[in-house]
Amino acid sequence: MIGATSGYGKTVLPPFLSRDHTIAGPGFSRWLIPPAALSVHLCIGQVYATSVYKTALVEHFDSSLTAIGIVFSIAIVMLGLSAAVCGTWVDRNGPRAAMFTSACFWSVGFLVAAVGIGVGSLWLVYLGYGVIGGIGLGIGYISPVSTLIKWFPDRPGLATGLAIMGFGGGALIASPLSARLLQLYDQSGYVATDPSSVPDGHAVMLLFVTLGLAYFAFMMFGAFTVRVPADGWRPEGWDPHEIEERKLVTTASVSAANAIRTPQFWLLWLVLLCNVTAGIGILEQAAPMIQDFFRGGDGVSTVSATAAAGFVGLLSIANMTGRFVWSTTSDYTGRKPMYLVYLGAGMVLYLLLATTGNSSVALFVLLAAVILSFYGGGFATVPAYLRDLFGTYQVGAIHGRLLTAWSAAGVAGPLIVNGFLDAQGTPGELTASAYRPALLTMVGVLALGFVANLLIRPVDARFHEPQQPREPERSRA
Amino acid sequence: MTGRLVVAWTLVGIPLAYGLVETLRKAVGLFTG
């Protein structure tokens, strides 16, 4: 046994937030947990809808797209860091405390950023939305994972897929809603349906205040709905011995401190890094990419800006759907085979995109949509994969540490694509061939992940806890 | 419990459906734009 207790420190919480107050009574339906989790993920998924007010902030601060883009980058980096640092705290104190804390950070982040917009300080926006909001993102993202896995030991892929689908869905909601609210608040004649129209800074400030307050209220619904199962609870008719029959699924427990000492953790970290890097490569460039792939002899794209925006919308739906569909499928196929599909089939699809993607718009859209569904599926399936390898004991904390791979991919993906494209020519004049080196590099990235996934074996018994550990809340009760 | 389930799923289902419909309307542009 290596480092069994892993630094569980006591945190003083108000009684209504304590884990002991969230133990489900008899008759509680576990199907209340997915909507509780969704209420958090639908809110924090807003982080992918920042493009709605990006140009407005550039004009308001008389700044550049890069300077404004840093707000989003800080938020994603803080997501990974706070998930890694706070994961143990989240597991220790339960989902209600975590969701409540996440709501406070996320909401205060919006309000501080609103003040920044109001007084003309971009640094306050970095601090508010980027740093404070980013901490809310990280805690919120992992807050329901461990609880869902405990409520759905028979179908962990379905449960986490439902919640993490919400993160993709959050952007679908926030994007049109923000555009409508900006039109309502704007006093300079902004029209949401006109792509050339830009709202004023005052409207963005009011939007941030509105979102901050609305998200807080919505996340409170999740915080006060969520429950943890009572000791010894199991789904009706489910036999825990079923999971012992699967080779890679453990019934043992591995602490978060021990998990990061195993090769399995770092192989899975690499798998996630590769899968996310490849997906971000397309996601970041989606609109210009489809236009560049289909240029006529005169250099003008045959795909209009409206159609390109439609393509981005379609990819968002594919990303969200993949999170639920593929993660649920993994309950039947097993996690390792599912990642072999994400990475192996992903390689083939990327290769086809690079070589034949410009032959037909329909083929291009189909290939990109399936690739993005694998990207979403990779995010949603990973908590169940962690449960299989390390058990349920501190799966939330382990998941938090693994999400640093997301932060790294957020840097690596755009760097690879933009680096190749910059070397190929000027934006607006690129063609399909300019994308080939970047796409073929992504095939290599996916191949690396494919090999890493193949190397994953059951965790060595020396990392297991010596006995079935007591639940953290029970040990204090 | 059934009532709570209906309320909970409705609360998250309505905004999700709104987002999905709005995005699908946008995605239609791919085939008509």
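Each Cβ is built from the backbone N, Cα and C atoms, and glycine gets one as well.
The domain 'Major facilitator superfamily (MFS) profile' annotation in TrEMBL covers A:1-461.
The annotation transmembrane segment is assigned in TrEMBL to A:67-90 (among others). Panel annotation: around the transmembrane segment (A:67-90), residues 6-8, 11, 47, 50, 54, 57-58, 61, 97-98, 113, 122, 125-126, 129-131, 133-135, 137-139, 141-143, 146, 256, 394, 396-401, 403-408, 410 of the same chain, lying at least six beyond its termini, place a Cβ under 8 Å from a Cβ of the stretch.
For A:97-117 (among others), the entry in TrEMBL reads transmembrane segment. Under 8 Å from some Cβ of the transmembrane segment (A:97-117) lie the Cβ atoms of residues 11, 13, 17-19, 36, 40, 43-44, 57, 60, 71, 86, 89-90, 123-137, 139-140, 142-144, 201, 204-206, 208-209, 211-213, 215-216, 219-220, 222-223, 226, all in the same chain and six or more residues away from its ends.
The transmembrane segment annotation in TrEMBL covers A:123-145 (among others). Counting same-chain residues at least six beyond the ends of the transmembrane segment (A:123-145), those with a Cβ under 8 angstroms from any Cβ of the stretch are 33, 36-37, 40-41, 43-44, 47, 57, 70-84, 86-87, 90, 95, 98-99, 101-117, 160, 163, 167, 208, 219, 222, 226, 383, 395-396, 399-400, 403.
For the transmembrane segment (A:157-182), same-chain residues at least 6 beyond its ends with a Cβ under 8 Å from one of its own Cβ atoms are 33-34, 37-49, 51-53, 56, 141, 144-145, 148-149, 151, 190, 192, 199, 203-204, 206-207, 210-211, 316-317, 319-321, 323-331, 335, 376, 379-381, 383-384. If you look up TrEMBL, you'll see A:157-182 (among others) marked as transmembrane segment.
The transmembrane segment annotation in TrEMBL covers A:202-224 (among others).
Here TrEMBL flags A:265-283 (among others) as transmembrane segment.
Annotation source TrEMBL lists transmembrane segment at A:303-326 (among others).
Annotation source TrEMBL lists transmembrane segment at A:338-355 (among others). Same-chain residues lying 6 or more positions outside the transmembrane segment (A:338-355) and placing a CB less than 8 Å from one of its CB atoms are 271, 274-275, 278, 326, 329-330, 363-364, 367-368, 370-371, 374, 377-378, 381, 385, 435-436, 439-440, 442-443, 446-447, 449-450, 453-454.
Annotation source TrEMBL lists transmembrane segment at A:361-386 (among others).
Sequence-remote contacts of a segment are chain residues at least 6 beyond its ends whose Cβ falls under 8 Å from one of its Cβ atoms, and for the transmembrane segment (A:398-417) they are 73, 76-77, 79-81, 83-88, 90, 138, 141-142, 145-146, 254, 256, 259-260, 265, 268-270, 272-273, 276-281, 283-285, 379, 382-383, 386, 390, 438, 441-442, 445. Here TrEMBL flags A:398-417 (among others) as transmembrane segment.
Residues 248, 263-264, 267-268, 270-271, 273-275, 277-278, 281, 336, 339-340, 343-344, 346-347, 350-351, 353-354, 389, 416-417, 419-421, 424 of the same chain lie 6 or more positions beyond the ends of the transmembrane segment (A:437-456) yet place their CB under 8 Å from a CB of it. Taken from TrEMBL, the feature transmembrane segment applies to A:437-456 (among others).
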